[in-house]
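Taken from TrEMBL, the feature domain 'Cytochrome b/b6 N-terminal region profile' covers 1-225. The annotation transmembrane segment is assigned in TrEMBL to 44-66, 98-116, 128-148, 154-178, 190-215, 303-327, 339-360, 380-399, 411-431.
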Amino acid sequence: MGGLDPRAGEAASSARRPSGFSNLVLHLHPRVVPAASLRLSRTFGLGGAALVLFLLLAATGALLLVSYEPSPERAYGTVAALVDEVHFGAFVRNAHHWAANGLVLVVFLHLLRVFYRGGHLPPRRGNWLVGLALLLLVVASAFTGYLLPWDQLAYWAVTISTGMLQYVPLAGGVLLRAARGGPDIGPATLARFFVLHVAILPLAMLLLLAFHFWLVRKVGGVVLPDGAGDAASPRGSLVPTSPALTQREGVAALVVTATVLLVAAVADAPLLAEANPGMSPNPAKAPWYFMGVQELLVHLHPLFAAVIVPALALALLAALPSLAGGAKTTGRWFESRRGARSAIGAAVAGAVLAAGAILVDEPLRRAPPWLPALAPAIRGGLLPVLAAAAAVAAVALLARRRGASRLEAVQAAFTFVLAAFAVLTVTGVLFRGQAMALAWPWSPRS
Ligand code: HEM
């Protein structure tokens with residue numbers, strides 16, 4: 001994504017005239033882009049990689065649709081037949097599976113790149129919010145796809161994840177029924193997940209992506225460091241988009257595609273036994289991107305773990321541009337060395353505190369309740385969440401006292417939360433065994 005630089009016309013006259021396919025690609029870009037925006041470390045190509053993964057998902061998804069049937073009686077059989085009997089059937093399914101997981105990861109890394117480079121600040125604040133909506137759509141797409149094979153993994157992961165909705169005050173029951181199409185997971189759930197997965201969510205994503213890219217162009221391209229280029233031209237020298245940018249994009253697209261296909265060739269997407277509503281696996285886990293929340297459920301009152309904390313996290317993400325108090329970004333990673341040091345300290349503190357809290361709470365949650373006079377929602381929800389909020393505020397204040405700018409202090413506080421969430425997710429994915437007790441990853445599971 002390049003920029004609408006006022007000097008674009010001048011430099012454009014020296015740009016090579018595009019044709020054919022590159023003409024189509026160039027509709028996304030201006031004719032010339034700042035040379036500084038081409039460095040790999042500027043964006044790591046993560047937004048572009050996300051787009052390639054989205055396109056790979058559309059292509060492999062269309063192939064999967066040839067044989068898939070969205071009914072509880074036929075779904076598992078059609079997937080098993082595709083894997084066992086169709087030439088390259090397993091390969092296409094694997095590619096779809098790994099591209100979907102890759103997209104969740106890459107979009108999240110893209111969010112981090114944007115944030116730590118200050119790309120979320122004005123004039124890009126609106127695009128940050130569009131990006132957040134895209135993140136929700138990506139997670140919703142991955143999650144709705146999870147149910148479609150109708151195996152034990154799918155059935156119970158979706159049972160657990162949708163079950164979290166019941167904790168929403170007042171509307172919980174209605175939301176749960178709306179998500180499942182009834183009180184339990186069944187044909188209505190599969191039908192609505194299928195329509196969301198193959199039509200509504202991809203279409204919404206396509207529209208939002210077009211808007212996202214347009215907004216990138218509208219503000220003049222990706223955020224660049226102050227002082228890029230010479231003093232007279234702060235955005236540095238301009239180069240023709242074709243071939244300078246298009247060639248890089250082509251190579252990056254090939255690398256992403258080759259990586260997905262390679263992984264698909266060596267690692268199979270899981271397919272357990274057919275869904276059995278009468279027999280839950282132990283432990284029954286949500287998909288990895290929800291495991292941080294499931295780990296919270298082990299420790300906190302469900303209202304806080306499944307509703308209030310995720311809502312606060314989303315609100316925090318949306319508020320990040322405003323919390324910086326109108327700061328201008330330098331466009332550098334973490335703004336400065338001091339910012340980077342604050343963020344590293346915050347990451348270590350967040351990880352150590354989260355790990356410590358998990359270990360301390362493990363025996364406590366089985367013991368008789370402490371402060372028995374207090375309601376469980378206060379004892380096991382409000383108090384720990386207030387303590388965590390105080391820790392986040394303390395990290396920001398400490399960073400400020402050590403000379404960090406307001407933006408750097410917000411980055412440190414966010415990093416603290418991020419590191420804690422990462423520890424929760426890794427614990428949930430790797431270190432929870434039967435009955436969600438702590439266990440080594442290599443200890444026997446059900
Ligand atoms: C499927 C999802 C997404 C795709 C395909 C995508 C794609 C892109 C691309 C291609 C760019 C330009 C260059 C680059 O950074 O690589 C970009 C920029 C941007 N994206 Fe995304 N994005 C997605 C999701 C998100 C999310 C989740 C956020 C944050 C919440 C976000 C926020 C932004 C912002 C603020 C910019 C401008 C950054 C700057 O100017 O440096 N995007 N995106």
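Quick reminder: no glycine exception, Cβ is built from N, Cα and C everywhere.
All TrEMBL annotations are machine predictions without curation.
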Short question: which residues 6 or more past the ends of the transmembrane segment (98-116) have a Cβ under 8 Å from it? 43-44, 46-47, 49-50, 53-54, 56-57, 60, 124, 128, 131, 134-135, 138-139, 141-142, 145, 259-260, 263-264, 267, 269, 288-289, 320, 333-334, 343, 411, 414, 418
Cβ-Cβ under 8 Å with the transmembrane segment (380-399): same-chain residues at least 6 beyond its ends: 299-301, 303-305, 308-309, 312, 342, 346, 349-350, 353, 369, 374, 408-410, 412-413, 416-417, 420
Integer mean pLDDT for the domain 'Cytochrome b/b6 N-terminal region profile' (1-225): 90
Is the transmembrane segment (411-431) in contact with the transmembrane segment (154-178), using three or more Cβ pairs under 8 angstroms as the rule and ignoring pairs under 6 apart in sequence? no
